[in-house]
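Following: one structure in structure tokens, then a few remarks.
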Amino acid sequence: MHWPVTRECTRVWIPDPDEVWRSAELTKDYKEGDKSLQLRLEDETILEYPIDVQRNQLPFLRNPDILVGENDLTALSYLHEPAVLHNLKVRFLESNHIYTYCGIVLVAINPYEQLPIYGQDVIYAYSGQNMGDMDPHIFAVAEEAYKQMARDEKNQSIIVSGESGAGKTVSAKYAMRYFATVGGSASETNIEEKVLASSPIMEAIGNAKTTRNDNSSRFGKYIQIGFDKRYHIIGANMRTYLLEKSRVVFQADDERNYHIFYQLCAAAGLPEFKELALTSAEDFFYTSQGGDTSIEGVDDAEDFEKTRQAFTLLGVRESHQISIFKIIASILHLGSVEIQAERDGDSCSISPQDEHLSNFCRLLGVEHSQMEHWLCHRKLVTTSETYVKTMSLQQVINARNALAKHIYAQLFSWIVEHINKALHTSLKQHSFIGVLDIYGFETFEVNSFEQFCINYANEKLQQQFNSHVFKLEQEEYMKEQIPWTLIDFYDNQPCIDLIEAKLGILDLLDEECKVPKGTDQNWAQKLYDRHSSSQHFQKPRMSNTAFIIVHFADKVEYLSDGFLEKNRDTVYEEQINILKASKFPLVADLFHDDKDPVPATTSGKGSSSKISVRSARPPMKASNKEHKKTVGHQFRTSLHLLMETLNATTPHYVRCIKPNDEKLPFHFDPKRAVQQLRACGVLETIRISAAGYPSRWAYHDFFNRYRVLVKKRELANTDKKAICRSVLENLIKDPDKFQFGRTKIFFRAGQVAYLEKLRADKFRTATIMIQKTVRGWLQKVKYRRLKGATLTLQRYCRGHLARRLAEHLRRTRAAVVLQKHYRMQRARQAYQRVRRAAVVIQAFTRAMFVRRTYRQVLMEHKATTIQKHVRGWMARRHFQRLRDAAIVIQCAFRMLKARRELKALRIEARSAEHLKRLNVGMENKVVQLQRKIDEQNKEFKTLSEQLSVTTSTYTMEVERLKKELAHYQQSPGEDPSLSLQEEVESLRTELQRAHSERKILEDAHSREKDELRKRVADLEQENALLKDEKEQLNNQILCQSKDEFAQNSVKENLLVKKELEDERSRYQNLVKEYSQLEQRYDNLRDEMTIIKQTPGHRRNPSNQSSLESDSNYPSISTSDIGDTEDALQQVEEIGLEKAAMDMTVFLKLQKRVRELEQERKKLQVQLEKREQQDSKKVQVEPPQTDIDLDPDADLAYNSLKRQELESENKKLKNDLNELRKAVADQAMQNNSSHGSPDSYSLLLNQLKLAHEELEVRKEEVLILRTQIVSADQRRLAGRNAEPNINARSSWPNSEKHVDQEDAIEAYHGVCQTNSKTEDWGYLNEDGELGLAYQGLKQVARLLEAQLQAQSLEHEEEVERLKSQLEALKEEMDKQQQTFCQTLLLSPEAQVEFGIQQEISRLTNENLDLKELVEKLEKNERKLKKQLKIYMKKAQDLEAAQALAQSERKRHELNRQVTVQRKEKDFQGMLEYHKEDEALLIRNLVTDLKPQMLSGAVPCLPAYILYMCIRHADYTNDDLKVHSLLTSTINGIKKVLKKHNDDFEMTSFWLSNTCRLLHCLKQYSGDEGFMTQNTAKQNEHCLKNFDLTEYRQVLSDLSIQIYQQLIKIAEGMLQPMIVSAMLENESIQGLSGVKPTGYRKRSSSMADGDNSYCLEAIIRQMNAFHTVMCDQGLDPEIILQVFKQLFYMINAVTLNNLLLRKDVCSWSTGMQLRYNISQLEEWLRGRNLHQSGAVQTMEPLIQAAQLLQLKKKTQEDAEAICSLCTSLSTQQIVKILNLYTPLNEFEERVTVAFIRTIQAQLQERNDPQQLLLDAKHMFPVVFPFNPSSLTMDSIHIPACLNLEFLNEV
């Protein structure tokens, strides 16, 4: 071996028995021919290392420290075993990186600890990335396979291998989870969930605890995940290999059986598993052989529940699940059957009472006696006869174990088959990705048949791996046009031939199995005889039953004992036949002849993959040979099928390494690691790479890294390839050490280290020169500083002496002046004291005389006042007495006259002359009506009796309630003799007193209100002064120091803002989800329409859909706002801060809540009572018989009912109008509260008139009734039967049954009157009779309605009294409790408690009064608003009438006059016809392009739409408003759906939607939105409609458009971010590229297609900003857009930084700082720095600073902790672990420093998430932004084609 460096200090690797390899350093130069090396170990030990001079085997050289810890082992300059081991160890222990690339292999080391690197955020971070761009990860391999499948349209395979406990199953599981997340199924089948659900099932039935692993897979599996043409998962298929059946019956110490047995025992207590007769796992032989039956940290019962859920998800029925568990339980019972040996030793027996055997037979449904017999006997079949032979104890045990293994194997195969059925799909499979989870190379102290098969499989996989690596190397050389030289690599085909060739080990084993008395010793002897000459086969010296095979990884000694038995896998046919006859179908199916006992199924009919997927075991031909097929033959066949599949796919390799056997987290055992590296083929990959040119550099990267070695004159050449050629030819003289390829330079091993040494020497020389110059400059600066300091000291000393002298002179003069002024002050104070005393004496004397005079005058004035009032009172009382007497006399006289007149009128009414005048020609008909009158009298009596019964009932009820009221109001201390009347009187007096007190309080409230207003004015003035003082104090506080209270308030404000942001974010997320669901619903609806559409079918226009389907809001809100909403509005008006301080608003809201709760309870009670009454009515109401109605009678009755309804409706309308008029008149005269008595009196007057009319009509009916009855009988005499109508009237005021005969007769009378028949002609010529009869019925119904109304009022009064009674009882109880509590207190406390109670009572009353005043003020405002509307309508009506009169006069003119039309001003309204709405939406929304309005007013469509809405509001057309807004919203959604990737279109409609929302607010009429309006703009407000809920709809639509805008912008920016922020050299020459391995970074090319610079991002954001500004988007929204985009830049950049080791360096931190400063400068230049975008970049800024800070001492750690507040602990530690020096002058971050950082950051409560959520979206706020334009100033361009709009 030739060393490129042989001088002192060269570091080498030497072998070590403990650490495998140990680092050492040369202490003396090596010369060729030396027999030893002088070395110094890392512990400073001196060692003399001997060298074999003949072989020239020198120690391996160590790589430079800069290359240690690389992501890819092939990037190392020296590729050999110690370098690989050391690199893996450094990455694993120091950086905690478990993944490392080794060419095409991903090496995964099991950390034995849960790491937060497998979340959804990490999956999305790796999705779409190139494999070399990110740190090594299983997700990177999965993404590479997924990407190659989509790009090359070729099937892929991921081969995961490693020994037990290395983490194969977990790696395969994570790979499948990645495919399930990235390639989720497009349909609703959720096939990816089923794929993941198969894992817990397979782990339960195929995994077990071993000494090396708690969850070891004891079988191999190959899962094919199928994809369609869009690369979504559509199905999957699983094949299994070599299940370890022997584990069912035997487990070594500290091992367990398969998990499912222990899970089932843990759940044995469940009711559904009682019949299994299971107990604890320790009670069964098959589960207790390994000792401890539990695993630390594993809950078997919980895992069993997950297994059952997985079965259910995969469609396994509950009955099948129970059957599966029965079979598993039967295996446990079979293992515990007690077998007793007989005395002869050749036979055995089983007790018939054996409980386990009974359970076994019961669970499997087989005969007990048969199974008991054939477990102890066997059948021998010869050519002549059949024998039944007994078996020895060992033979019976072996037969039992073989049966148990066979049952479990068949069940395992059945479960796998059903999993494949559940994962099977009928869709066409386009491609697949296979994941192979198979056992790695195994070698134990005792190796048997299982290890032989496992190592045989690994030999086949290693051969495929070697050929694939060799093929890739060859392709790389040919691609780069480098001369190809044959590389010698290890070919293990001879070893494979030894095993599987003709007469190989497997053939000899099968041949020996066929021999009747074949033994393992005979088979071993045949192996010795046949293969002793093979170089891969050896015979041990000390054994005749073992043999050694030289595998590719190591020599393995196999013990031949048991090979034949395991290969035969013998199960007696008699036992199988018993199981076939089971009464349970599932058990019989497991062993049926047609059953194919293979663990996998074919791929299905719909599969169209390029590889025909076949069963892992070939189908058997005959049933009698089914159990004769050897296991070795089956395994060889399935292995050949697997290799065919793998060879037809593109493989990806994952090698799992087990770092230690103790399962300790992050503990590395070098011996175990090297053993596995040799076995898994990683070192073979290294050897193949090292044999050629392992180091490869792109020309661009080589030039950037080693440009310091280029001479200045060579840099003048622009061709970088030519520069690289000249540099290498000058530096490396041997041309065989490198080769120039087409795009790369290839180096032999060690040449990169040599170049790194030259580069370091160059830097060292330059560093020395810089240090020399800087040190000289520092000394010069230090001397100049000392000289300047000396001169300064002298100057200050002289100045100090001069100032001290001047100070002494000033003090002397000042003392003289002070003495003079002090003496003068003392004299002045003495004089002032005497003068003040004299003035005080004079003032008191004068005041005494003035007070005396004032008292005398005051007494005289008071006496005069008293006399005046007494005389006035006496005069008024005399006048009132006289006036009352006169009024009484007048009333008596008038009453007398009225009675006389009434008596005369009644006599006249009863006279015959009067009757004759009323009823001319009716004398002859009196007799005919007599009968009808009698019937009416009977009916009237019946009604009167009913009325009396009802009245008596109500009277009794009232009496009962009064008694109850009296009983309830009586207390224990009161006298029981008090009567109910006294109680009522006392309550009335209390009520009157309360009314008087309330009136007094109202007066006091008014006075207090005036005083409060005055006080408020004073307080406001004081508040203004206090505010000024507060501002001054705040300025002082800010200047001096930060107060703690201010900090707390700032924190509270931040918390409130954060909560508000969170709430807004949740709401907008809901809006986003709603829009996604809506989009999904539209897509499904379109698909369903396409499916269901037939030829000729036409869809309805989409713009006819209602708003409910799109917005879920009603059309127009006209409801009043309640008190609570007024309170909320008050909060909004006075502001949050002031409202928070207003306690009265809070109390009022609290009281309102209590009132609403009481009202809810009251309504609930009323509802329950109403339901009880209805049920009673239903019970009391007699059943009615259904009788067929005569058609004529039915028609007559319905017509009559309609006429009566119309007449009654007219009458009610008239009454209502009169009542309204009376109330309105009263309201105009008095307050609105006094209107109800007058309206009630008016109603009583009407009732009196109705009573008088009833009396008159009764007398007329007595005469006419008999005539009507006789005439009707004569007319209906010809009919056969009289129709009987049984129906109920539907009067709104009555629920009583209407007399059908009266209804029919009245209807006939009306019909005869209309047709003028002779019957009515001779009865009544003018129809007066029918009208009188109808009027009488109306009066009767009116009286009936009054009666019902009174009864309802009575019931309501009773309920109200009851509620008052309950309220009084509750109040009395509370007062009693309060009184009792008060008595226990001291007198002072009682007084204080009473004052508090009084204060609370007054506060509540004050709030009630305040609430009443607010309600009155609110009603006043509403009435004023309505009055304005009515006045405006009245003015419009007067103007219209005047215009009509003028038109009429103009028409009356004799001669025509030409009138010139006066042009009116445009009112800002646009009129359109209803049929033009679709055209308006199409021209203004659907087909509109933003470029068409480039020169117009921004947001012109929004203004046009508002003007159309305003005209619809002006015409009071709510349907038009509803239709227009609905069509607009649907049109905007349709446009955005069509242009879902157009930023300009989305921004255009976001600005227009926001502007339309602002217009609806600005012109809504709400004062809060009209503060900035002009007078002209106030005229354009809406008059009739409240579109508040439509504003909410538009706000939600704006949120959806904003989210779509952000999504489009992020999609355009995201591909640029990583390249521009991390990879592009913004500062040229700063970053030095390190050597890269096989996985090249995609952006490392010089001018790659994916390379972006920062200017590209800035140009893109400039384009965004220009588009949004040109389209008039609100500035506040633009700020929020860029805040979101900057957050996305921060998240994507930081996430890539956390997942890439190659960019975590000092130079990257400098580049980041520069790039961020450029972005900040761009924000300031666009005036966007107030958006908060810079704050979102804070984590990235701190990460850049962290890369540049010193990382050595404790002070550095404290500085990092105080600086990186926006980064989490995990992120800080991750960056420190990833930090990579770019040259040897930097030092790595030590593990101790990282532990110090972790210790100092322990107190932080950081989230566990490592990566930032790049998809997080800040909640958007749309602040109100009114427009300064008026509607009448907007011009509509002709390009919009809106000629059908008319300006109003």
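Glycine is no exception: its Cβ is also placed from the backbone N, Cα and C atoms.
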From the ranges 156-178, 639-661, 1467-1489, pick the one that TrEMBL records as region 'Actin-binding'.
639-661
With TrEMBL as the source, identify the stretch among 271-322, 895-946, 947-998, 999-1050 annotated coiled coil.
895-946
Largest tally of Cβ atoms lying within 10 Å of a Cβ, found at which of the binding-site residues Gly162, Gly165, Gly167:
Gly162
Cβ neighbour count (within 10 Å, all chains shown) around Glu163 (ATP binding site):
24
Run through the domain 'Myosin N-terminal SH3-like' (7-59) and tell me, per DSSP, how many residues are helix, strand and coil.
0 helix, 26 strand, 27 coil
Determine which residues of the same chain, besides Gly162, Glu163, Ser164, Gly165, Ala166, Gly167, Lys168, Thr169, have their CB within 8 A of the center of the CB atoms at the recorded ATP site, and list them by sequence.
Asn110, Asn213, Ser216, Ser217, Gly440, Cys656, Lys658
Got a sec? Which of these binding-site residues, Ser164, Thr169, has the most Cβ atoms within 10 Å?
Thr169
Suppose we draw a 10 Å sphere around the Cβ of Lys168 (ATP binding site). How many other Cβ atoms does it contain, all chains included?
27
Across the coiled coil (1333-1463), what does the pLDDT come to on average, as a whole number?
70
Within 10 angstroms of the C-beta of Ala166 (ATP binding site), what count of other C-beta atoms is obtained when all protein chains are considered?
26
